[in-house]
Amino acid sequence: SPGAGITGGYDGNDDTLRYFIVFFCALAMYNACELVIMVFLSFTHFHGLYFWSLLVSGVAIIPYSLGFLLKFMNITTGSAQWLAVVLLTVGWYPMITGQAVVLWSRLHLIVTGKKGERILFWTKCMIVIDAVCLHIPTTVLTFGANGSVHTHVFETGYNIMEKIQMIGFFLQEVTLSSIYIVETVTLLRTSLQPGTRKTMKQLIFINVVIILMDLALLGLECASLYILETLLKGVIYSIKLKLEFAILSKLVKFVGSSSAQPAPQQDMRKASI
């Protein structure tokens, strides 16, 4: 059923669900490849935290989606099942935490002074703590559930930990996006530049969309629709990463036009921030 857990593949008779599995995994990998190409075409200097976090989190979607495709379609069975588990785990780490680092890497554009330093410090601590406390236990339970000893205990633990880590990462993303919404509104209200109101609405809209997509994933997880949740996660994270281009572009343009120095006449996405 669509609510199957981390062990095994899909053994039901619903061909439509199988088509969905192939389609969404392929779509996520296509979006990831497109994003990687966009990154290399948009940046003139391949360095900086934003560049590397965006690139790594984008590439990570490919093994994550490929791993679940192999797993759900029962392409890897027996001892070969570990290939799928390793792929999806290796992709899951940078896809999730990498997305948070992408958001964090741009916070300095809108938070300044002592308050900004505190926000940057505590949000960085949040990302590190979440990565350690949520990724590692989930990984241990994932491999344990797919092993041969006391698998039932690991499966039970995984089902609990999966919901905990989903809620934890959801709160992390909401925190970062909320900071952007609040600080962007404050920043843009101080500008008399033409189009400020339109830009503000676009920035808020994009961050709200990000929160809503995370909320949809959390809803599927709470409903124990595991296959549907994992399939959509790769697609949604690839879409969120694409939206980062639009967010960064508008933020840098606004901050540049609001400063005393005139902004350079170039595509703002090319600044490796």
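Note that Cβ sites are derived from N, Cα and C of the backbone, with glycine treated the same way.
Nobody curates TrEMBL annotations by hand; they come from automatic prediction.
Annotated domain 'DUF7703' per TrEMBL: 21-259, in sequence order.
The feature transmembrane segment is assigned by TrEMBL to 20-42 (among others).
TrEMBL lists 49-70 (among others) with the feature transmembrane segment.
Same-chain residues lying 6+ beyond the ends of the transmembrane segment (82-104) with a Cβ under 8 Å from its Cβ atoms: 49-50, 53-54, 56-57, 59-68, 70-71, 75-76, 120, 123-124, 127, 130-131, 135, 139, 142-143, 146, 169, 172-173, 176-177, 180, 234, 237, 240-241, 244. Residues or ranges marked as transmembrane segment in TrEMBL: 82-104 (among others).
According to TrEMBL, the transmembrane segment annotation covers 125-144 (among others).
Annotation comment: TrEMBL describes 203-228 (among others) as transmembrane segment.
Tertiary neighbourhood of the transmembrane segment (49-70): same-chain residues 21-22, 24-26, 28-29, 31-33, 35-36, 39, 43, 76, 83-95, 98-99, 101-102, 105-106, 230-231, 233-234, 237-238, 241, 244, 248, 272-273, selected by CB-CB distance under 8 Å and a gap of 6+ residues from either end.
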